[in-house]
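All remarks here apply to the structure that follows.
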Amino acid sequence: MQTPKLVILLALAMSAAMVNLSQAQNSPQDYVSPHNAARAAVGVGAVSWSTKLQAFAQNYANQRINDCKLQHSGGPYGENIFWGSAGADWKASDAVNSWVSEKKDYDYGSNTCAAGKVCGHYTQVVWRASTSIGCARVVCNNNRGVFITCNYEPRGNIVGQKPY
């Protein structure tokens, strides 16, 4: 009787460790650190975590859980959204790195993106006036993938202004 109990306890402990590992890769610091690395690279000050923005992001992510659509919330904050296909364990760093990868398509001198390219996610990440972020992640229902959103305050990407 002791052996089955031990096996069950070990299985439960391993499951808890795997859940904690997944949560650890999507903690506030897992969003803040890559944002701040990108910001430091262009001489912009750090952002800090906002539980208010996190709550807004989580509420919106929960609304996307059934369809996983890349659709903006239309809320009062700056916003970046990310979708990752089913079958992969998309993490905070995957989303932020995706947005930061647009740097190569941004020309600071002209404050424009390369022809046919997108760079607004990157400019929001490094927007000097944005000082707070809050993010959320959901695994969408029916094998639709992962939806990640980050919100920024004050919002960035003001037309006619450079990010830094």
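Using N, Cα and C of the backbone, Cβ positions are placed for all residues, glycine too.
As annotated by Swiss-Prot, signal peptide applies to 1-24.
Sequence annotations record features per position, and here Swiss-Prot assigns pyrrolidone carboxylic acid to Gln25. For Gln25 (pyrrolidone carboxylic acid), the Cβ neighbour count at a 10 Å cut-off comes to 15, with all displayed protein chains included. DSSP classifies Gln25 (pyrrolidone carboxylic acid) as coil under the three-state reduction.
The feature domain 'SCP' is assigned by Swiss-Prot to 34-152.
Among the features that Swiss-Prot reports, disulfide bond is placed at Cys68-Cys140 (among others). According to its DSSP assignment, Cys140 (disulfide bond) is coil.
Positions annotated as disulfide bond by Swiss-Prot, on the basis of similarity to another entry: Cys113-Cys119 (among others). Cβ neighbour count for Cys119 (disulfide bond): 20 (other Cβ atoms within 10 Å of its Cβ, all protein chains included).
Look at Swiss-Prot and you will find Cys135-Cys150 (among others) tagged as disulfide bond. For Cys150 (disulfide bond), the same-chain residues lying six or more positions away in sequence with a CB closer than 8 A to its CB are Tyr31, His35, Ala57, Glu79, Asn80, Ala95, Val96, Ile133, Gly134, Cys135. Secondary structure at Cys150 (disulfide bond), taken from DSSP and collapsed to helix, strand or coil, is strand.
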Candidate nearest Cys119 (disulfide bond) in space, where candidates are the recorded positions Gln25, Cys68, Cys140 and distance is Cα-Cα: Cys68
Gln25 (pyrrolidone carboxylic acid) versus Cys140 (disulfide bond) - Cα distance in angstrom: 18
Distance, Gln25 (pyrrolidone carboxylic acid) to Cys113 (disulfide bond) (CA atoms, angstrom): 31
Fewest other Cβ within 10 angstroms of its own Cβ, chosen from the disulfide-bonded residues Cys68, Cys113, Cys135, Cys140: Cys113
